Each structure stands twice: as structure tokens, then as C-alpha cells.
Amino acid sequence: MGSNQSWVTEFILVGFHLSAKMEKLLFWIFSLFYIFSLLANGMILGLICLDLRLHTPMYFFLSHLAIIDMSYASNNVPRMLANLVNQHRTISFVPCILQTFLYLGFAATECLILMVMSYDRFVAICHPLQYTVIMSWRACRVLAATSWACGFILALILAVLLLRLPFCGPWEVNHLFCEILSVLKLACVDTWINQVVLLVASVFVLVGPLCLMLVSYVRILWAILEIQSKESRGKAFSTCSSHLCVVGLFFGIAMLVYMVPDSNQRKEEEKILSLFHSLFNPVLNPLIYSLRNTQVKGALYRALQKRSM
């Protein structure tokens, strides 16, 4: 190894370049978002587990989405909060690689679970008579397990490829957490293999699922147009449009970060975009997919009634 190349023991997370006052304000804002995401997703998970009426394929996949969102946020946000109130912003090598691995694993799994959820809705709306046969409990478990396995196998491959790299000082990760592209920039060698594998993985978990989801939602919207009742059609359109907005933001931001050629001028914007996945998306998902749902509201009402008795 050359003189400028050595075994790294820790990284420095640069974060935002802000005043101490602004960082303290962001600490409280991010804390509120994080607490709300944990409470909202935890409540939904609890309701789905306790209420037998919610033991259906749709809520089975929603419970997985809630687990992913809580895990995803908990992997990144506590470190971000600590760095906002602490000037000693170091993270050891092993925790950094682990954070990268979990970040990639949960993100890839969420993409695949969202795709499965859209397929579930497509079957329910376009093939209602065959729904119980196609979306049997065995099929649901296989789809969920495959999503988790594929997501974390891809993350493991990327983490192993990252581990084989030597890193050069200064070991400053220009991000809010150990994000893979920011860590790769610190390598002393050419990282083209890592970049190619990351691009292939992005196509697999972003482009492929997004295309399949768009096909599902187009078929769903076509079926909605055939509904005679104007009120039912309006409700269905409202639900689909809100789902598509969340999916579009989630996939669009991920594709912008991982599939558009990198630029140093875009680094600060990418930090802000990463907040959507870590903070805002775990809050949006329960609001859009669950808390607006009549069945979830009914389950919450029944749970509160039982508690007051």
C-alpha cells in the first residue's frame, strides 16, 4: 500500500453545513417526524396483528411495509439526530458498513413489497372472483419472503464489494449517514465494478418494479372507469392517485440519486432528497396506505372501545 492508503478505522459524517441554531431546530423537527413515524407504523402493525378483520393479504403486506419503514428510519435517523447536536461526528468502520448494508436492504425490500402490493390490488379489482385463489396465504408468504430475500441478497453483494476496497484519507463521508455512493468516493482504487453492480441492482429493484406497478395501476384505472357509481369511482380514483404520488416520489428520488450520473454540485441536493426516504416516506406511507382507510379506522375505533370498557 502507498503512503496515502491505509486500513480505515472510522469515518467522519460531514452532514449539513449549517449554523448551530439551525441544526438545533432541525434536530427537533426531525425528532418529531421520527417519533410520529414510529408511532403511526407501530399502531398500524398492532391493529393488523390484533384485529381479525384485518387478516387479509392487503394488510399482510401493509404490516411488512410498516416494519420496513420503522426499521429504515431507525437505521438512519438516530445517527443523524446525534450528529446535529454533537460536533464529534465520527462513525466506526464496521457500524458504517452495517448501516450501508441495512439501508440498501430495507430500501430494496420496500421497492419489491410496493410492487407486490400493487399486484395484490390489481388482482382484487380486475380479477375479484379469482382473488382468493391467486392471493392465497401460501402465495402471500412466498411473495413477502422473496421480496425480503432478494432485497437483502442484493444489499449483501454490494456490502461485500464495498468491504474489499482500500480507503484513502481524509475519511470524510459527505452525507448525513453512510450512504454507499458517498463511501465509494473515499476508495483509493477504481470502483467501476461497484458502480456497475449498483446500476444493475437499481434496474432490478427500481426500473423493473416501477414498470410492473405502472402496468398494474393502468389496468386498475381502466377497471375503475367501468364503475357505474360516480361516488365509488371518485373514491377509487382518489385512492389510486394518492398511491401513485407516493410511489412516484419514492422511486423517482431513488432513480435520480442512483441512476443519473453523479455531480459534485448536486451533493447538497442529494442530502435533502435522502431525507424523504429516511424521514418523510415512513410518515407518508401510513397516512396514505392505512390511516385514510375505513377498515383501519374501524379497527382503531374497536380497539379504543375495548380499552375504555
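Heads up, the Cβ atoms here are built off N, Cα and C, so glycines get one too.
Where the annotation comes from TrEMBL, it is an automatic prediction and has not been curated.
In the predicted model, the domain 'G-protein coupled receptors family 1 profile' (40-289) shows an average pLDDT of 88. Taken from TrEMBL, the feature domain 'G-protein coupled receptors family 1 profile' applies to 40-289.
What TrEMBL records for 25-50 (among others) is transmembrane segment.
The transmembrane segment feature in TrEMBL is assigned to 57-77 (among others). Tertiary proximity for the transmembrane segment (57-77) is limited to same-chain residues at least six positions away from its ends with a CB under 8 Å from its CB atoms, namely 30, 34, 37-38, 41-42, 44-45, 48-49, 99, 102-103, 106-107, 109-110, 113-114, 116-117, 120-121, 124, 135, 137, 140, 143-144, 147-148, 176-177, 277-279, 281-282, 285-286, 289-290, 295.
Long-range contacts of the transmembrane segment (97-119) within its own chain (CB-CB distance under 8 A, at least 6 residues past either end) are made by residues 58, 61-62, 64-65, 68-69, 71-72, 75-76, 79, 91, 143-144, 146-148, 150-152, 154-156, 158-159, 162-163, 177-180, 183, 201, 205-206, 209, 212-213, 216-217, 243, 247, 250-251, 254, 277, 289. Look at TrEMBL and you will find 97-119 (among others) tagged as transmembrane segment.
Here TrEMBL flags 140-163 (among others) as transmembrane segment.
For 192-215 (among others), the entry in TrEMBL reads transmembrane segment.
Here the transmembrane segment (236-260) has long-range neighbours at 107, 110-111, 114, 118, 181, 198-199, 202-203, 206-207, 209-210, 213, 217, 220-221, 224, 227, 270, 273-274, 276-277, 281, 284-285, 288-289, 292, meaning same-chain residues at least 6 beyond its ends whose C-beta is under 8 angstroms from one of its own. Annotation comment: TrEMBL describes 236-260 (among others) as transmembrane segment.
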